[in-house]
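Pulled from TrEMBL, these are the features on record:
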type: DOMAIN; residues: A:6-133; note: domain 'Gfo/Idh/MocA-like oxidoreductase N-terminal'
type: DOMAIN; residues: A:149-272; note: domain 'GFO/IDH/MocA-like oxidoreductase'
2 protein chains.
Amino acid sequence: MPYIARWGIIATGWISEQFFVDLLVDPASRGVTDIVHKPVAVASRSLAKATKFIADHGKGIDGVRAYGSYADLVADPDVDIVYVGTPHSSHYEVSLQALKAGKHVLCEKILTINAAQARHLADYAKSHDLFIMEAVWTRFFPLSLELRKKLHDENAIGAIRRVTADVGFVAVPDIKSRLYDPFLAGGALFDVGVYPMAWIQMICYHHPENKKSPPSMIKSSMVKSRLTGVDESTVITMVWDELHIISVSTCSIVVDSPKDCAIRVQGDRGEVIIPSPTYRPVKFTIRIYGSEGKEDDVKTYDFPIPGPMGFFWEADAVARDIRDGKIVDDNYSIEESVSLMERFDQVRQENGLKYPAEIEFVGESDGIA
Amino acid sequence: MPYIARWGIIATGWISEQFFVDLLVDPASRGVTDIVHKPVAVASRSLAKATKFIADHGKGIDGVRAYGSYADLVADPDVDIVYVGTPHSSHYEVSLQALKAGKHVLCEKILTINAAQARHLADYAKSHDLFIMEAVWTRFFPLSLELRKKLHDENAIGAIRRVTADVGFVAVPDIKSRLYDPFLAGGALFDVGVYPMAWIQMICYHHPENKKSPPSMIKSSMVKSRLTGVDESTVITMVWDELHIISVSTCSIVVDSPKDCAIRVQGDRGEVIIPSPTYRPVKFTIRIYGSEGKEDDVKTYDFPIPGPMGFFWEADAVARDIRDGKIVDDNYSIEESVSLMERFDQVRQENGLKYPAEIEFVGESDGIA
């Protein structure tokens, strides 16, 4: 019998839509038979929106309840796992609210605004035996797992020496847009900066020879919007002493990722190239350098995504963790999220990127109803 | 009547060979009729080497004198301009020696080991009405001049937002190699780091809207060799506040430059891509992004180099400067070199890259005979 994961979806924006639709994809289409995903509730701060969300996206399924408050959803005894798809600025409060109601949590990236908030969530979950994970879906793609195998187990390109990873897109500069709004923690770093960092973490931090050491050095630079002061482009360079690797992570909301080579992993025998979009790549290429007079050996590996987006792989992992009584995911632990938030704190401090105190607070709040 | 530039070549290593051979290319082959280059002397610390150099490379030309000491060459009244092709660590002493003998100087990059040495050379030359320039040949390519025209005068890709530039190659790690020797100022930064920096300077520093402002921020990271402590890979990120541009300059002696996109200039209407080698590129591609439903417009511009290497374009510029009584080149002033050396000082300090005191000194020395 497959395990049935019963999901409650909080917020009805674009990302929740994508996640919801992905939950409904038949797991067999991706070769999964041990898990079934069952959305049981959707909450918005407007009941009408929740109802419309279910009507629009829940065709063919029954019994999904609509709630006009997050509090009502987290109180629903049928919900095992709460998916938090609110804007960044309320991830902390909403996740905490769900944990306090005794629910497991999958919270969209970026997990929180600062490391103190992330630490609070991690500690609360741990002390209450609850699961929590930041929804960095890309880490759960078969492509990502296969790349790690090739790089780490098969040593496909020899010793890795440099990793460059980029995620960027062109946003319309608009003071009213979420991406430009400091109150919603807008900017490149918090919107997409987690992706190049995720690749570098997968490749360097999780490298067996790194023994889960943090980078020995981190330096960062930003160009900030003249409109609202959020970061338009950010560059984070890290040195991994144990591995002798330098990594460069770039993100932007004013320039697109290079289509052809958004991620490049360079080793002493060859390189790996991943075209954009690096939040949802569908192939990678391994080039093994030819020796004197010999051609390079170039192979491309395709990983088609059997569904609209591909959020389901992380959903599968979360469901299995909960089925198995785990409160921390092996692939992406909440401790790793906390440590990334510490680095983002450092990057923001180094570059004077401040968000309003309202979204930086830690501790109890009145909650978001 | 063309102006005849009479060159004295100091040192007989690889770079001097290339420069010498390029001097002998008929200027008409590159459309130049106002300049003739005439090598009149070659010096090595070994007379035999200088003699052999002339025999090997000076076929078909007469009257090139061989010297067994640099002092003898700089004392030769027939020499107008001294080309310094010694290892980095002696650029300062040898250039100073040439200036003191009243000669104009074209010194290979990297100009000196630190900014104090560069400043000393610049000040000495200025106060003695002598020309001096760092031989960053790439800046004088027709390709470089055309790119600057397209970016700055024709606004080809709109407002520039991000520049990434790389030069790297794979050196054999060897304690005896020049590249790994701290006494010869080995390492990536000093061997090739000047090239990505040169592109970023051309694109950002020389941008008309920048009004020759220095970058508002500079951050750097290095991975150092476990063999000798010189830098294997270096990343320098700069922010150009006036322009609202972020630039990332990377260099390495352990990984090759990406063949297809070693330099990428991203603007809000399109991008420029320059394949490697970026010290000697022969083409660039301009991609203008298509609007909704329209294809990108992609054009490649070819700039074949009519000769073995292409050092002659900088030689032409130097000859014209001297003919015209200029002591500073318009395209690449000695002041810009000094300011780059200040940044390299900062990069080295930030990353604890030290060279032996013997090569860091400033002031009088016994000279190098």
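Counting starts with 1 at the first residue shown.
Heads up, the Cβ atoms here are built off N, Cα and C, so glycines get one too.
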Helix, strand and coil totals (DSSP H, G, I; E, B; other) for the domain 'GFO/IDH/MocA-like oxidoreductase' (A:149-272):
30 helix, 43 strand, 51 coil
Along the domain 'Gfo/Idh/MocA-like oxidoreductase N-terminal' (A:6-133), what average pLDDT does this model show?
97
Summarise the domain 'Gfo/Idh/MocA-like oxidoreductase N-terminal' (A:6-133) as counts of helix, strand and coil residues per DSSP.
56 helix, 28 strand, 44 coil
